[in-house]
Amino acid sequence: MRIGVLTAGGDCPGLNAVIRSVVHRAVDNYGDEVIGFEDGYAGLLDGRYRALDLNAVSGILARGGTILGSSRLERDRLREACENAGDMIQNFGIDALIPIGGEGTLTAARMLSDAGLPVVGVPKTIDNDISSTDRTFGFDTAVGVATEAMDRLKTTAESHQRVMVVEVMGRHAGWIALESGMAAGAHGICLPERPFDPADLVKMVEERFSRGKKFAVVCVAEGAHPAEGSMDYGKGAIDKFGHERFQGIGTALAFELERRLGKEAKPVILGHVQRGGVPTAYDRVLATRFGWHAVEAAHRGDFGRMTALRGTDVVMVPLAEAVTELKTVPKDRMDEAESVF
């Protein structure tokens, strides 16, 4: 069997662990040939790929990013790929394609599968927002990075009696903000799933200061937004990939809190530091398991599906099921977090 693998969309820790696992399982166990398309679906369309053998994946388990490169594909080019799916199978001689990516990548994978490509998807995203899987690799690392940042910021906030507003990633799902905020003991958490009122945060800070706790840390997801009429804040434009560009809720909220409280409030935007660096042990293991099961699925002819974690088991689920809707933070998880503010 000849297997093609690619990484697309935003990078995250653990991608190389999947690539390594695919190569080891395919080559060692089945004697397969594995090729890696460069820069995601763009490499698939442009015919840019390289052979992946055991030497090519040596030493990459703990490396962040992706040795294959990644990119986002514009919608016109995706349509082009679907229209030429049959030609791509013939030109590259691939018997299976394993795209590793988030919601956008898996949506494209579903379209390519519907067009006739033998596809087995592997979900990744630091946002943990893909339906049908309990966890995605990359998420654990991102939560750890955000938690450590807030742990560090608490000391400087306390020293200067400041309010620190820490903005983390999460356009439409607030999983990183929820879990890192809980782990770091943030005093307020703002999620995309529930509009917030700055007045509640002002009250929280004032109550803390009245008890002699003269600092506060607020964790806010980039997609969080204030309740209508509670503060001035505008949403951003849509980029060419269909993603909303946010205007910086962390900065806007810090300004609003400083204005209302008369106390110094500092925004800290973690940004892409959450995507980089060494993956945690958990993410390495999950990514490795996903790669193993993707190869097994390909050899069973179990196409049009993706790997997923259910409890402690890795199972295969239809791509259509995985991309129907985003997995957002449910009310009970928000209530749990609020109980320890």
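Each residue's number is its place along the chain shown, starting with 1.
Yeah, the Cβs are placed from backbone N, Cα and C, and that goes for glycine too.
What Swiss-Prot says about this protein:
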BINDING   Gly10, Arg72, Leu73, Gly102, Glu103, Gly104, Thr105  ATP binding site
BINDING   Glu103  Mg(2+) binding site
SITE      Gly104  site 'Important for substrate specificity'
BINDING   Thr125, Ile126, Asp127, Arg162, Met169, Gly170, Arg171, Glu222, Lys266, His272, Val273, Gln274, Arg275  substrate binding site
ACT_SITE  Asp127  active site, proton acceptor
Spatial neighbour of Gly104 (ATP binding site) that is closest, considering only the binding-site residues Thr125, Asp127, Lys266, Arg275 and their CA atoms: Thr125
Shortest C-alpha distance to Val273 (substrate binding site) - which of the binding-site residues Gly10, Glu103, Thr105: Gly10
Those binding-site residues, out of Thr125, Asp127, Arg171, Lys266, Arg275, that come within 10 angstroms of Gly102 (ATP binding site) at the Cα: Thr125, Asp127
Around the Cβ of Arg275 (substrate binding site), the count of other Cβ atoms that are within 10 Å: 19
Sparsest-packed among the binding-site residues, when each Cβ's other Cβ atoms within 10 Å are tallied, from Glu103, Asp127: Glu103
Most Cβ neighbours inside 10 Å, all chains, among the binding-site residues Leu73, Met169, Val273: Met169
By Cα-Cα distance, the member of binding-site residues Asp127, Arg171, Lys266, Arg275 nearest Gly10 (ATP binding site): Arg275
Between Arg72 (ATP binding site) and Met169 (substrate binding site), the C-alpha gap once rounded to whole angstrom: 18
Distance in Å spanning the most remote Cα pair of Thr125, Ile126, Asp127, Arg162, Met169, Gly170, Arg171, Glu222, Lys266, His272, Val273, Gln274, Arg275, given for substrate: 32
10 Å Cα neighbourhood of Arg275 (substrate binding site): matching binding-site residues from Leu73, Glu103, Thr105: none
